[in-house]
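Listed in Swiss-Prot:
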- CYS109-CYS136: disulfide bond (DISULFID)
- CYS122-CYS148: disulfide bond (DISULFID)
- ASN41: N-linked glycosylation site (CARBOHYD)
- ASN205: N-linked glycosylation site (CARBOHYD)
- ASN239: N-linked glycosylation site (CARBOHYD)
- ASN258: N-linked glycosylation site (CARBOHYD)
- ASN269: N-linked glycosylation site (CARBOHYD)
- 1-33: signal peptide (SIGNAL)
Amino acid sequence: MGSGYQLLQLPRERFRKTSFLVWVIILFQRAISMPLGIVTNSTLKATEIDQLVCRDKLSSTSQLKSVGLNLEGNGIATDVPSATKRWGFRSGVPPKVVSYEAGEWAENCYNLEIKKSDGSECLPLPPDGVRGFPRCRYVHKVQGTGPCPGDLAFHKNGAFFLYDRLASTVIYRGTTFAEGVIAFLILSEPKKHFWKATPAHEPVNTTDDSTSYYMTLTLSYEMSNFGGEESNTLFKVDNHTYVQLDRPHTPQFLVQLNETLRRNNRLSNSTGRLTWTVDPKIEPDVGEWAFWETKKTFPNNFMEKTCISKFYQPTPTTPQIRARRELSKEKLATTHPPTTPSWFQRIPLQWFQCSLQDGQRKCRPKV
């Protein structure tokens, strides 16, 4: 009997280690990491946000900061033919609009003006107070026609169209937007003793130097059968010169293409439409899919290095399109423009550690 009891009894040292491990598990369950709450079309009500994020986690809703996060950070294709396939028309679904407080710089934004075959508009005008997304590196301005089988254009993946501090579930006519979602950052309240010392006010030199701003470059397109399975996209160089876009490409590729056509006098010199097709051997992913360039450095990035040296035209299909011709066969080496680092290129996502103190749950950023 005694020996049996000895088998069930843990040695003193092992008992200490086991009880310590149990306490660690209990405390770990009490103080868990809390992720960001991502809000999509189906969770727009404040009460739902309170139940999901705020209950027993925050002392006040002032600790919630709504932030617009761009989808392009997830690595989605941003060229116009690929992006437009993510949008579709639906009827009978009321649009929803939600405000957000802060956002990111967008590498790619879009601006659509689409008409039906009878000349009527496919997209509604923006409501009062809805302005275009204010921070875009490239604005892809698309004009064209399509069947538009529905009242409003929605995002097929349930994402938002981000405008200036307003996010909507629908696309508005002629209003620049970025694709994204709304996230809620949970900020810990500062302790009172943080502010006991008198703050030191240092002089700040404000400047209106426009060379320090980011430049927005608008790229124009014409599209037919918008929203259909077989849509056709043309990059517009000028009113009479276009380039057929058959493959995914970077905005930097289109900038180089535009510069090459102009430098080599390949623009249309008549009233007829001249349509170029890019040689299939040319890689359309010059540069990077998402990077920043300042206005100060931008003009020199593509002027001296040209990696696109040959284009050819398709066989004429209408009398207005001029005869097929080919450029020289040589191909220069592809040179990638350098990436300009920026500390505010992305808003960091932060996790928060919560624990019970004096009967209240306190949250602080997790280090």
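Any Cβ shown, glycine's included, is placed from N, Cα and C.
Across the structure, CYS136 (disulfide bond) and ASN239 (N-linked glycosylation site) are spaced 24 Å apart at their Cα atoms. The Cβ of ASN239 (N-linked glycosylation site) lies under 8 Å from no Cβ of any same-chain residue at least six residues away in sequence.
The number of other CB atoms found within 10 A of the CB of CYS148 (disulfide bond), across every protein chain shown, is 21. Under the DSSP three-state reduction, CYS136 (disulfide bond) is assigned to strand. Fewest other C-beta atoms within 10 Å: among the glycosylation sites ASN258, ASN269, that description fits ASN269. Here ASN269 (N-linked glycosylation site) is positioned 16 angstrom away from ASN258 (N-linked glycosylation site), judged by their C-alpha atoms. According to DSSP, CYS109 (disulfide bond) is assigned to a strand segment. Taking CA atoms as the reference points, CYS148 (disulfide bond) and CYS109 (disulfide bond) are 21 Å apart. DSSP assigns ASN258 (N-linked glycosylation site) to a helix in the three-state reduction. Calculated from their C-alpha atoms, the gap between ASN269 (N-linked glycosylation site) and CYS122 (disulfide bond) amounts to 34 Å.
Taking only the Cα positions, the spacing between CYS109 (disulfide bond) and CYS122 (disulfide bond) is 19 angstrom.
If you draw a 10 Å sphere around the CB of CYS136 (disulfide bond), it holds 22 other CB atoms from the protein chains shown.
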